[in-house]
Amino acid sequence: MIAQQHANDYWKANLRIILWSLVVWALVSFGFGIILRPMLMGINVGGADLGFWFAQQGSILVFLALIFFYAWRMNRLDREHGVDEV
Amino acid sequence: MDQYTLNLLVVGATFALYIGIAIWARAGSTAEFYAAGRGVHPVLNGMATGADWMSAASFISMAGLIAFGGYDSSAYLMGWTGGYVLLAMLLAPYLRKFGKFTVPEFIGDRFYSKAARLVAVICLIIASITYVIGQMTGVGVAFSRFLEVSSSTGLYIGAAIVFAYAVLGGMKGITYTQVAQYVVLIFAYTIPAIFISLQLTGNPIPPLGLFADAKSTGEPLLVTLEGLVTDLGFKSYLTQEDTTLNIFLFTVALMIGTAGLPHVIVRFFTVPRVADARSSAGWALVFIALLYLVAPAVGAMARVNLITTFYPNGTGADALALADIETKSELDWVRNWQKTGLLTVEDKNGDGLIQYVGDKDANELTVNNDIIVLANPEIANLPGWVIALVAAGGLAAALSTAAGLLMAISSAVSHDLIKGQLNPNISEKGELLAARISMGIAIAVATYLGLNPPGFAAQTVALAFGIAAASIFPALMMGIFSKRVNDKGAIAGMLAGLIVTTVYIFLHKGWFFVPDTNSFTDADPLLLSIKSTSFGAVGALINFVVAYVVSSVTEEPPVEVQELVESIRVPKGAGVATGH
């Protein structure tokens with residue numbers, strides 16, 4: 001039962017990290033890049049607006065940061081819960 | 001040295017390299033054949049995934065789509081990269097922990113059902129075959145344009161090269177060849193972009209050049225471009241023309257379609273550890289982003305160059321004279337591309353000038369999306385070796401993706417159909433032989449389809465993504481994140497997603513893509529403003545809902561399946577898992 005509880009804690013922590021990461025993922029692409037773009041029209045980036053920048057460049061940079069953050073954070077979580085490999 | 005000899009030398013050298021790697025990386029076991037022995041370093045695996053993923057569509061077509069679509073084409077950029085976030089967090093580490101060889105194998109084990117595995121095999125084969133046709137035709141086009149052989153000879157040469165390294169080396173041969181192909185394609189893509197960015201903005205880094213000032217006007221490049229396109233009556237480059245709903249759903253469909261394409265998912269089976277599967281998705285996106293960050297710059301700059309070529313004295317002055325196109329050597333490329341039919345020039349009003357304008361009736365120049373990247377160095381008058389490099393890069397992109405797709409098809413046939421359903425007692429040697437034979441057959445079928453491309457080749461890519469998004473991705477995700485979804489739910493969900501999405505595509509593109517059998521068009525779609533290419537997102541939602549509803553009214557999955565789900569959720573013990 002203790003092992004079971006432990007595994008559940010690990011999984012719940014993982015789900016929380018995924019959830020917050022996906023909130024950021026959606027915010028920069030679907031949010032800033034598409035739905036919220038009209039609100040960001042006033043902010044000029046190199047001749048275009050901030051929403052255009054997020055749609056064609058910014059979102060990709062954030063995606064990269066997110067994956068490496070997730071990999072780093074999960075490696076730490078694996079060790080904290082003693083479920084890492086070797 | 002003339003351009004033809006240069007092209008031949010550069011392309012020949014890259015092909016010799018791929019064959020050399022094939023001989024070095026022969027596969028001896030099924031583990032090596034299907035998963036490269038799980039010994040591929042995450043950085044190299046990321047590079048191979050990049051080459052695997054970036055197809056003729058990414059290399060050849062995408063910048064052209066952006067050049068002519070402007071902001072509306074951003075969905076491709078966000079969709080084809082955002083899917084890797086989903087892969088890294090929702091699929092890759094757990095499927096690596098599961099530790100087997102194919103995507104249908106996971107679906108079959110998790111949903112304890114041979115029928116589920118079979119449905120997954122069918123989805124996989126349809127998605128991969130439709131996708132591979134486009135690669136093979138891309139190989140043919142690149143050969144016929146740059147090496148002046150007929151496109152069928154080009155296809156035979158391409159197929160022979162893929163046959164050599166895929167049949168000999170399996171996943172191991174493919175992976176290491178893809179690393180080399182990535183290097184070729186990324187240089188081929190970025191070097192001309194750097195030249196052009198320097199010419200237009202003085203900034204050597206194309207993604208920065210895109211948002212820098214244009215040398216010619218002193219205003220930002222994008223403002224200059226917007227001025228050019230609106231002067232000529234084209235649709236705006238910066239403002240949104242499509243509906244927000246459709247752009248949103250199209251981006252979703254491309255993201256989950258990316259995460260659900262089997263030839264991409266299996267890449268994460270080839271790394272040594274679960275932790276490597278996570279970081280490998282990051283490395284894959286690093287190598288993909290190198291191209292995807294350059295693509296919008298290539299698109300915008302190519303459009304500027306195209307317009308200024310046809311309006312040498314500004315859009316207010318006279319357009320380019322037809323006589324110049326026929327005589328000037330720096331406009332050779334116009335004549336060369338005219339031969340392929342992908343670029344047409346027609347002096348409709350007989351004034352001796354070629355007007356390139358937004359009004360379709362008055363417009364006298366048409367340029368196919370697909371030639372933007374290939375013609376880009378010629379439009380900008382870059383040196384001959386850059387043009388040869390682009391030819392080699394286009395071929396590398398098409399061949400590497402074709403090999404990955406053929407690998408997914410052959411392992412589905414030999415491992416999931418022959419070993420999984422027909423003859424479970426087949427020896428490892430027998431299975432390896434079956435895998436090689438099915439690879440050979442898959443290459444023959446793909447070559448045949450490349451030689452006789454069904455008129456609908458371009459539309460079928462939408463089908464591949466629709467199926468991956470609506471059937472495979474939801475099934476995998478529910479298999480990992482829910483212990484409650486059972487065999488009946490998964491099968492019902494996959495079939496519902498598959499059927500509804502396919503029918504919606506057929507209603508808009510014609511039944512089995514036969515022209516004139518469609519009841520709707522993407523300009524005026526059946527449901528709100530949802531185009532058939534975006535419908536995969538709705539199909540996925542249907543899959544999730546059906547699977548949950550059916551599962552909740554039927555029995556729970558058996559205890560050992562629930563234990564399987566528990567075990568794939570934790571990385572510990574991944575090394576112990578075997579392929580059988």
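Glycine is no exception: its Cβ is also placed from the backbone N, Cα and C atoms.
Keep in mind that this is a model prediction, so the values were computed, not measured.
As written in TrEMBL, here are the features:
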TRANSMEM  B:6-25  transmembrane segment
TRANSMEM  B:77-95  transmembrane segment
TRANSMEM  B:115-133  transmembrane segment
TRANSMEM  B:153-170  transmembrane segment
TRANSMEM  B:182-200  transmembrane segment
TRANSMEM  B:247-269  transmembrane segment
TRANSMEM  B:281-302  transmembrane segment
TRANSMEM  B:385-413  transmembrane segment
TRANSMEM  B:433-451  transmembrane segment
TRANSMEM  B:457-477  transmembrane segment
TRANSMEM  B:489-507  transmembrane segment
TRANSMEM  B:527-550  transmembrane segment
Do the transmembrane segment (B:115-133) and the transmembrane segment (B:433-451) share at least 3 Cβ pairs under 8 Å, sequence separation 6 or more?
yes
Could you pull out which residues elsewhere in the chain have a CB under 8 Å from any CB of the transmembrane segment (B:433-451), counting only those six or more residues past its ends?
30, 33-34, 129, 132-133, 135-137, 139-140, 152, 155-156, 159, 162-163, 166-167, 170, 402, 406-407, 409-411, 413-415, 418-419, 426
With contact taken as 3 or more Cβ pairs under 8 angstroms (pairs 6 or more apart in sequence), are the transmembrane segment (B:153-170) and the transmembrane segment (B:281-302) in contact?
no
How about the transmembrane segment (B:247-269) and the transmembrane segment (B:489-507): do they have 3 or more C-beta pairs under 8 A, pairs 6 or more apart in sequence?
no
Out of B:6-25, B:77-95, B:281-302, B:385-413, what stretch is closest in contact terms to the transmembrane segment (B:182-200), meaning most Cβ pairs under 8 angstroms?
B:385-413
Could you tell me whether the transmembrane segment (B:77-95) and the transmembrane segment (B:281-302) have 3+ CB pairs under 8 A, leaving out pairs under 6 positions apart?
yes
Short question: which residues 6 or more past the ends of the transmembrane segment (B:6-25) have a Cβ under 8 Å from it?
146-147, 161, 164-165, 168-169, 172-173, 175-177, 180-181, 184, 384-385, 387-389, 391-392, 395-396, 399
